[in-house]
Amino acid sequence: MAANISICDICNHRHISKQSTHWCQNCGEALCSECIEHHTLSKATRGHTTITITDYEKLPSFITNIKQYCEKHNEIFLLYCQKHECPMCYKCVQSHAKCAESVIPLENVTENSKKSQMFHDLTQSISDLETNIMQIRKSREDNLGKVTLHSKEILAKIREYRERVNCHLDSIEQKLIKKILNVESKCGQKIKDILKTLQEVEVKLSYFSSSLQTIKQHASELQVFFAIREIEKQVMEKEHDLNTLLENKRLDDFTVSLEIDTKIENILSDIKMFGTITVETIPVNAKFINRKSRQAQILGNVVQPFDNIKFRQIRKFDSGSRKITGCTIIPDGRMAFTEYLGKRLVIKNANGILGFKIPLKESDAFDVTVVNDATVAVSCGAPDRNGKTSLQVIDVNLRRNIKVIDTKSWSYGLVCVDEKLVFSGYEPDGIYKVDLKTNQTTVIASTFSLNTWSYISCFKNKFYLTNDSNNTVTCCDNHGNVKWAYKDEMNMRIPRAISVDKNGNVFVACKRSNNVIVISPDGSRAKQILGNQDGLEEPCALHYDRTTNRLLVTNYMGTAFLLEAI
């Protein structure tokens, strides 16, 4: 960059100081209003690129510091060595003699640089990086909020347990105090009874003693003789009574002591901590945008022919429960399964290892769908068992139920669409939509029959439902009007769970025929992609993840299969 771009370089060489107005990119010099006119008319420089000084000052310093001339030979750059990726002047050719085939005119490289794909890619990469940073920032801010929320919930839980422990200790303390007071009262009463008896004996003996002194002084010998015999008789009775008290251990001392329960003592010696705080790192479902992912997205959006649909098995594992009727893949890779009669939601890690189980409130669990990154919803209830039906929203990170929405219809297959839970209802039949924000329910009256155990999926404003009573899969619009129906009594017996890929291909788990079939987007044909030979035995649960192109299939008795489209 010139030392002082505000002064015209040409005039400065003539020892004239004039304000510059333009900058020549080729010459690397500032020009005044007069010199710029000559510069643009001169045959040697009329092709040069000039910009205003104001625009030049807007350029970053690393741009203005780029040399237009060869510092070694003080000549303008005219050539470019592709091998060494550097500009050259005509005098540099000698030092690049071995690169003759790689040396090309500089203008061949720089021509249309602003419109080049490289410039576009760089601009897009910067934009993508900014988007990624915004995504990371939001993710971290959300995580910070979750950590704060979790900490508050843990502190509340500690206080709750502390209060429960205090209440329990207070309760058993009061019981023990009551027992001690009762023991004290009983022992005291027994001692008081003895003292009363002794007092009565003492009074009697005192009477006898005074009587003996009186009769000794005033009674006759005959009277004394008979009095002694009578008093002796009564004294012997009192002596006998005292001996009886001794023999019956009624004169034994009472000692009251306390032996603290060892479990209470262990609280002081064995329990060193109120609980253990665990920090679990859960993989973030962050998909950064970059050049490769953009290219992959472009390629991935190409619709593959129906006949070419194939899968490879990633893993086979035990879901950790039996009587599985629903499954889904959570965005972070974990998997969720509904245990129908067990009233539980089972969470498996991405590698198939059991994570934990979440009990559901009062109702049997049927189907499960993803609501957002860490939240799923479960359709619950078997009216013939307990008369209660509901949709329950579960936070899998907090491992608890955060919302219960009662339903009037039996709720079976479930899917989440635009913050609305959509389920196939029975008695009364229909497709039910429940707004998660307002809990308001709307019903789409279907023009076709639904049944118990009907599953549902959604793709591009179309609903796909199964009916195991007539072995039919029906596609309808969001008004309940049938688009197509596919029926197969041989290869699609008792169709259960249903899911749709991003190309509109429909996957169905068939319990009785022990297979998974895929139906073409127009419902005109179908083929089997998994069967009994692949380990399927009464498959009921199925989910296709459109983000990862993975298919999760689960047998009714718990064996699960994770597959990937190839």
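Cβ coordinates are placed from backbone N, Cα and C, and glycine is handled just like the others.
Unlike curated records, TrEMBL annotations are generated automatically.
Annotation source TrEMBL lists domain 'B box-type' at 3-53, 65-106.
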Taking every residue in the domain 'B box-type' (3-53), what is their average pLDDT?
90
Taking helix as H, G and I and strand as E and B in DSSP, count the residues of the domain 'B box-type' (3-53) in helix, strand and coil.
15 helix, 11 strand, 25 coil
Please spell out the DSSP helix, strand and coil residue counts for the domain 'B box-type' (65-106).
14 helix, 13 strand, 15 coil
